[in-house]
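Take this structure, written in structure tokens, and hold onto it; I'll ask about it next.
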Amino acid sequence: MSGTWKPVHPDEDRFVNTALAIVKEAGAVVRAAFEQPSCDVHTKASNTDLVTETDQAVEKLLIQGLKSAFPDHRLWNGLISDYEISLKVAVGVLALVADPARFIGEESVAGGQKIEYTDAPTWIIDPIDGTTNFVHRIPMIAICVGLAVKKQLRAGIVYNPITKELFQAQTGKGAFKNGFPIHVSSTKVVNRSLICQSHGIHNLPTFGDKWMSVSLENHRPVSSAVLIMQLGADRSEPLVTSFVNNYKATMVTKDARGHRSFGSAAINMVYVAQGSTDAYIEYGIHSWDVAAAAVIVTEAGGVILDPTGAPFDVMGRRVLCASTSELAKEISGMLTHVDYDREA
């Protein structure tokens with residue numbers, strides 16, 4: 001838990017409780033679709049960047065439900081940044097001003113919507129994180145809803161409607177799975193850790209051969225570790241060759257303990273939060289992949305950073321989360337980094 005709960009918005013509890021109900025409703029839609037033998041699949045940026053009608057329907061359900069419940073969010077503004085919700089404020093002036101909520105949804109952005117990340121209450125949504133898993137009926141998927149206020153991540157919900165695992169957290173209130181508290185592991189060193197690392201193959205079209213070198217270099221700290229590596233959307237021959245070479249380098253040369261791939265950034269992160277794994281690193285992710293889970297990891301006692309060791313930026317397109325600051329520092333010092341333009 002990050003500390004005593006101090007709301008940035010007076011209605012945060014109501015926002016989260018309402019979002020939970022809508023997420024559960026969305027979960028029923030996803031579960032019903034998952035139980036069908038097949039689904040209509042379309043592509044976005046490439047033939048392996050998938051979207052289904054369920055992705056689009058769930059995002060619409062989430063956004064419309066939240067808009068209906070909160071048509072006019074109100075945001076506390078004033079001369080002070082810290083206060084008690086009881087309004088026992090010793091100094092400063094507070095004014096209540098209208099500031100409509102904003103929505104950042106994966107499918108909306110794919111459809112051309114501009115990302116606006118402001119002080120207004122902002123819902124950051126991934127309707128199905130792990131769409132490829134969903135298409136192939138692999139039950140490692142998640143509905144992700146994060147809430148930011150004044151550009152601070154305040155709450156996160158990650159729900160796997162197939163396994164019925166519901167992870168949730170609010171800043172200062174702790175992290176929970178199906179109502180029970182969760183906590184990260186106490187692992188402090190790499191050679192005792194179970195590490196999730198996306199291979200980030202989708203980065204090659206942007207960075208070319210440089211990304212192959214970076215990816216290989218970042219697989220150095222793997223002795224006695226179990227790695228999670230996964231191919232991204234691109235399946236071109238040089239990328240697959242790179243993946244195979246990296247697999248050989250980590251599994252044979254470096255004698256890694258094993259190879260895993262969950263296929264969902266949010267699942268990777270909440271598994272760190274509940275202590276199943278110890279760290280997760282990925283480059284090239286998006287805000288909707290990590291916003292909700294970032295709150296859950298932090299509230300479970302974990303550490304969220306930029307892989308360089310700098311503070312985490314939800315719009316920065318890269319993430320390192322770990323069970324302890326010692327482990328995060330060790331991993332960060334072993335990585336070779338790639339820069340991205342911020343999403344907003």
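Using N, Cα and C of the backbone, Cβ positions are placed for all residues, glycine too.
The feature Mg(2+) binding site is assigned by TrEMBL to Asp126, Ile128, Asp129, Asp289.
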Within the same chain, and leaving aside Asp126, Ile128, Asp129, Asp289, name every residue whose CB is within 8 angstroms of the centroid of the CB atoms belonging to the recorded Mg(2+) site, in sequence order.
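Other same-chain residues near the Mg(2+) site: Glu106, Pro127, Gly130, Thr131, Ile141, Ala142, Ile143, Cys144, Ser264, Ala265, Ala266, Trp288.
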Out of Asp129, Asp289, give me whichever of these binding-site residues has the highest number of other Cβ atoms within 10 Å.
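Answer returned by the neighbour count: Asp129.
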Asp126, Ile128: which of these binding-site residues has the sparsest Cβ neighbourhood within 10 Å?
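With the binding-site residues Asp126, Ile128, fewest surrounding Cβ atoms within 10 Å: Ile128.
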